[in-house]
């Protein structure tokens, strides 16, 4: 690319700018309107109760407000012929009940408990004097009851293990309603997952109790993490150079020790039997420890470490100046953040908008997935030509089906639908996912452009901070929304398309796990790798394009091209700055999260004597500790994301400054005195500037 030329009218972020990428702006508005329409349609047709509440055999919800029948009981009919059960008999009876059964009971032997048994029969069953055989034949009651436990508004067999013996209701066998005894282990597979969920619910209750008694201490821990993050960013202004050089020296020392250790192992194996066998003669071994007994292995390690050590020393010799520039930019970024303190709170705005996107996507997805209608099908005991066909329970008793198949019933089967809306539900779900990625990326892009505009106004202020605008953050936010919504929509659209493709590939990979097509799996793995790399590259390109948009007000393509060529003209500086900042951010997060985590550990385990009586009594002390650690990481990440955007913005402005200006009275440098001193540059006529 061509280096930037001097522009006498350029004095920092351009205020007299026009709208960019208007077509993409219009496209985003239309897509948002369509997204709202999809949400309204989903909310009109959807019913989240289908996720929360179970249904009986008629498709009616259990546990509705104003009803006492909270749970659904799954009972099985007694087949007319145990050897050849019919489709109707294998279809479970689902009945809404007020409580789950607490005893073993069969209808044939429940003569004294019929009043208790009736609550597990269909609501229409009233005649307790009816012949039991006829009741089972008419499918009005289940053939048997089993002691059950309520879970997620459903009744599951109450399985327990006593001394290694599986039992249900203190029994190891049960009557299946046909006079046959069955082992309770036959119920184990069906209720195994239910018991896991039950144990998980008990664990969740204990965790909730821990949160209720420790939430204020968790907040105090997070406040400490926030203060520590702020202090670390301030200290970077003074300690960045020391930290970087200490890191470099430590790396050299560690590699030096590695070389020494390899040499000692190499010398120690001299003369030992089998140590002189070459790697080629030994071949491939599954036990990797075998290679550690060969002199050639340690010689290879020593040579590799020597080469790495030599490369690092040569890089330090030739890139020393660029490392100093990176350190100076990091110090300058700390000063910029200090002058625009509101920037540290701006991630809260981005976080709030992202939460709105997630909430709208999740609620729309739930309503779309519950938009299906109840489907009823014909179930019968004997052979019938209508078996398995859809039916309407309201008109079923007056239809020809009951005349041709007297024992047929119209029962709830599943949720579905055959209208145009139901056929295109998968398309609407795909659109919902796509819009979520687009809007989420747009919100992130808006935050990046806003921060870039604010920090660019700091760099291009000739007298810092006197020449800065009064409210740089709000000014940058207003410019981004007013002029560059289309450019942000363009960049986020490209990224969203790639992310949707990646999600699709992950879905296909999940579906192909059971398949034995190795070529398809290999091709899919290659595609996943390529699109992962593409997503990383687009994120890098977008980030720098947004900085150019914030400074110059150009459209997305022009900004991306100018940023890319500017970075390519300074590729070594880019690489050095990237690695130095990555190290500092890693060190900062490790220091903050580790310090706060250790403090939380000693506090919640009551190992600090001064506050031993203050620490709450907990079921699991790791609950608040993990919460504090995760929260501290998120807080530190939020602070460092602002700092990282500041470093990247100042770096691009610094490169532009070097290309546009030469230090003359007409074209003075805007960089800080430290950077000018480091580069041995001055503004002519202003020796101390």
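Heads up, the Cβ atoms here are built off N, Cα and C, so glycines get one too.
Note: TrEMBL annotation is automatic and uncurated.
Taken from TrEMBL, the feature transmembrane segment covers 21-43 (among others). Counting same-chain residues at least six beyond the ends of the transmembrane segment (21-43), those with a Cβ under 8 angstroms from any Cβ of the stretch are 360, 363-364, 367-368, 371, 421, 428, 431-432, 435, 438-439, 442, 484-487, 489-490, 493, 555-556.
What TrEMBL lists as transmembrane segment is 215-235 (among others). Residues 334, 337-338, 344, 588, 591-593, 595-596, 599-600, 603-604, 615-616, 624, 627-628, 631-632, 635-636, 639-640, 643 of the same chain, all 6+ positions outside the transmembrane segment (215-235), place their C-beta atoms under 8 angstroms from a C-beta of that stretch.
Marked as transmembrane segment by TrEMBL: 242-260 (among others).
What TrEMBL lists as transmembrane segment is 298-319 (among others). Outside the transmembrane segment (298-319), and at least 6 residues removed from its termini, the chain residues within Cβ reach (under 8 Å) are 248, 251-252, 255-256, 258-259, 262-263, 265-266, 269, 279, 292, 572, 576.
Annotation source TrEMBL lists transmembrane segment at 340-362 (among others).
What TrEMBL lists as transmembrane segment is 435-460 (among others).
Per TrEMBL, the feature transmembrane segment maps to 481-501 (among others).
Non-local neighbours of the transmembrane segment (545-568) in the same chain are 1-2, 4, 12-14, 17-18, 20-21, 24, 445, 448-450, 452-453, 456, 460, 476, 479-480, 483-484, 486-488, 490-491, 574, 648-649, 652-653, 655-656, 659; each lies 6+ residues outside the stretch with a CB under 8 Å from one of its CB atoms. The annotation transmembrane segment is assigned in TrEMBL to 545-568 (among others).
Below 8 angstroms of C-beta separation, residues 214, 217, 221, 224-225, 228-229, 232-233, 236, 240, 243-244, 247, 323, 326-327, 330, 611, 615-616, 618, 621, 624-625, 628-629, 632-633, 635-637, 640, 643-644, 647 of the same chain, each at least six residues beyond the ends of the transmembrane segment (580-604), sit close to that stretch. Marked as transmembrane segment by TrEMBL: 580-604 (among others).
Annotation comment: TrEMBL describes 620-640 (among others) as transmembrane segment.
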Where else in the chain does the transmembrane segment (435-460) make close Cβ contacts, counting only residues six or more beyond its ends and a cut-off under 8 Å?
11-13, 28, 31-32, 35, 333, 336, 339-340, 343, 346-347, 349-350, 353-354, 357-358, 360-361, 468-469, 472-473, 475-477, 479-481, 484, 488-489, 491-493, 495-496, 499-500, 542-543, 546-547, 549-551, 642, 645-646, 648-650, 653-654, 657, 670-671
Would you mind listing the long-range same-chain contacts of the transmembrane segment (620-640), meaning Cβ under 8 Å and 6+ residues beyond its ends?
206-207, 210-211, 214, 217-218, 221-222, 225-226, 228-230, 233, 344, 347-348, 351, 585, 588-589, 592-593, 596-597, 600-601, 604-605
